[in-house]
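Heads up, the thing below is written out as structure tokens.
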Amino acid sequence: MMEGQQHGEQLKRGLKNRHIQLIALGGAIGTGLFLGSASVIQSAGPGIILGYAIAGFIAFLIMRQLGEMVVEEPVAGSFSHFAYKYWGSFAGFASGWNYWVLYVLVAMAELTAVGKYIQFWYPEIPTWVSAAVFFVVINAINLTNVKVFGEMEFWFAIIKVIAVVAMIIFGGWLLFSGNGGPQASVSNLWDQGGFLPHGFTGLVMMMAIIMFSFGGLELVGITAAEADNPEQSIPKATNQVIYRILIFYIGSLAVLLSLMPWTRVTADTSPFVLIFHELGDTFVANALNIVVLTAALSVYNSCVYCNSRMLFGLAQQGNAPKALASVDKRGVPVNTILVSALVTALCVLINYLAPESAFGLLMALVVSALVINWAMISLAHMKFRRAKQEQGVVTRFPALLYPLGNWICLLFMAAVLVIMLMTPGMAISVYLIPVWLIVLGIGYLFKEKTAKAVKAH
């Protein structure tokens, strides 16, 4: 593709394989693990490890379903394109807009977390101030070009990977060398009331919050339109997700919960930072706080990228205003970045009005949108595969356990919604789902009416 052709309608293919790999990783290691895991530990105890394994398996199935579609048709807008093409125009419209809203909400949650991490050092700084500062900085960087985004995300993710691996190694050394003190023992995983101290119910009730940690893995699909070689980079990035889950989620939590009894974890501080702080290692606690701050900024950076590309894809499909389907001479969709930023700025207001409850509220809304998102990926994939089979096409990167895997994912989503209805503070976000679907329906009818009026003239 020539440079001159990219101005107006085409995104620039500026992401290398290493960028794709690390963007997937950036989506997987964020606030869900570093901050969200605190409330899960309080309810499920060491059983959180099993919870992450179950949710990780579901996330991997979803990733493979999306991966199969993206390898066959690498386009901007990712799965909303597949919902549109293989399911119907309303499905494409609804899934695209839901995905955009999902990542606006994730962006808000990450900015809120940034404020909490800054308060570890400066408790007097309100969360909304930190959110506002980083909001401006990250959006300004994303207005440059996709290579700058790719490089920034690459280094953000490198920092996270090195830090988590170092934390596992250092934690393991403290554990087995005796330098972690008398309380550091693998027996902490079952001694403090058992592996599941509140029974299996305690774990089940936390599955919605655990699911929050995995939102972002599907970013790989969004990068497809700007990947140099999607046929190779997408399968590679997708398959490596399972190892990341094992190492970064399960490995780090197993070490962490062995170093100190899970009962010492508090809900409003990163357990990663807290445990090393409690062990008296201030240097490591400060270093880890830098890492969790980097993690939140990394995911927010990915959100800015993702939101703008999804909105760009919607505009190309005719599901968003045409002005959003343009890029500047560098191949950057400036209009969609600015529109997404404008809505995300509400986060600053939410943190100003309700600093204590902002993160919990945003997390609940994210999970509801994520349930819709993952369910639509699974359903769109079933229709995609059926269409390909009828055409006699053998796909290059088939999903696992089709169609059983799809039904397992859909049942899991339904179970998460039921759990949320039973969880104080989360039920409201489930009640908002029908309202949101009605809003989408009205938006779709308005779009169709406008399109017909334009054709008539």
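Start at 1 and count along the chain as shown; that gives each residue its number.
Each residue, glycine too, has its Cβ placed from N, Cα and C.
It should be emphasised that the depicted structure is a prediction, and the values quoted were computed from it without experimental measurement.
The topological domain 'Cytoplasmic' annotation in Swiss-Prot covers 1-19 (among others), and the record cites sequence analysis as its basis.
Annotated topological domain 'Cytoplasmic' per Swiss-Prot: 64-86 (among others), in sequence order, evidence recorded as sequence analysis. On the 0 to 100 pLDDT scale, the topological domain 'Cytoplasmic' (64-86) averages 83 in this prediction.
Feature annotation from Swiss-Prot assigns topological domain 'Periplasmic' to 108-117 (among others); the stated evidence is sequence analysis. Long-range contacts of the topological domain 'Periplasmic' (108-117) within its own chain (CB-CB distance under 8 A, at least 6 residues past either end) are made by residues 30-31, 34-35, 125-131, 134-135, 268, 270, 289, 292-293, 296-297, 299-300, 303, 344, 346-348, 350-351, 355, 358-359, 362-363, 366.
Annotation source Swiss-Prot lists topological domain 'Cytoplasmic' at 139-155 (among others).
Residues or ranges marked as topological domain 'Periplasmic' in Swiss-Prot (evidence: sequence analysis): 177-201 (among others).
Feature annotation from Swiss-Prot assigns topological domain 'Cytoplasmic' to 223-240 (among others); the stated evidence is sequence analysis.
For the topological domain 'Periplasmic' (262-271), DSSP puts the residue distribution at 4 helix, 0 strand, 6 coil. According to Swiss-Prot, the topological domain 'Periplasmic' annotation covers 262-271 (among others), on the basis of sequence analysis.
Here Swiss-Prot flags 293-333 (among others) as topological domain 'Cytoplasmic', drawing on sequence analysis.
Counting residues of the topological domain 'Periplasmic' (355-358) by DSSP class, helix then strand then coil, yields 1 helix, 0 strand, 3 coil. The topological domain 'Periplasmic' annotation in Swiss-Prot covers 355-358 (among others) and is backed by sequence analysis.
Taken from Swiss-Prot, the feature topological domain 'Cytoplasmic' covers 380-399 (among others), and the record attributes it to sequence analysis.
Each residue in the topological domain 'Periplasmic' (421-425) gets a DSSP state, and the totals come to 1 helix, 0 strand, 4 coil. Among the features that Swiss-Prot reports, topological domain 'Periplasmic' is placed at 421-425 (among others).
According to Swiss-Prot, the topological domain 'Cytoplasmic' annotation covers 447-457 (among others), on the basis of sequence analysis. Panel annotation: around the topological domain 'Cytoplasmic' (447-457), residues 93, 318-319 of the same chain, lying at least six beyond its termini, place a Cβ under 8 Å from a Cβ of the stretch.
Sequence annotations record features per position, and here Swiss-Prot assigns transmembrane segment to 20-40 (among others).
Per Swiss-Prot, the feature transmembrane segment maps to 43-63 (among others); the stated evidence is sequence analysis.
If you look up Swiss-Prot, you'll see 87-107 (among others) marked as transmembrane segment, on the strength of sequence analysis.
Listed as Cβ neighbours of the transmembrane segment (118-138) (distance under 8 Å, sequence separation of 6 or more from its ends, same chain) are residues 111-112, 269-270, 273, 286, 289, 293, 297, 300-301, 304, 341, 344-345, 347-349, 351-352, 355, 358. Residues annotated as transmembrane segment in Swiss-Prot: 118-138 (among others).
Touching of the transmembrane segment (241-261) and the transmembrane segment (43-63) is concluded from the presence of at least three CB pairs under 8 A, sequence neighbours closer than 6 excluded. Contact between the transmembrane segment (87-107) and the transmembrane segment (359-379) is present: at least three CB pairs lie under 8 Å, with pairs separated by 6 or more positions in sequence. Contact between the transmembrane segment (202-222) and the transmembrane segment (43-63) holds: at least three of their C-beta pairs are under 8 Å, each pair 6 or more apart in sequence.
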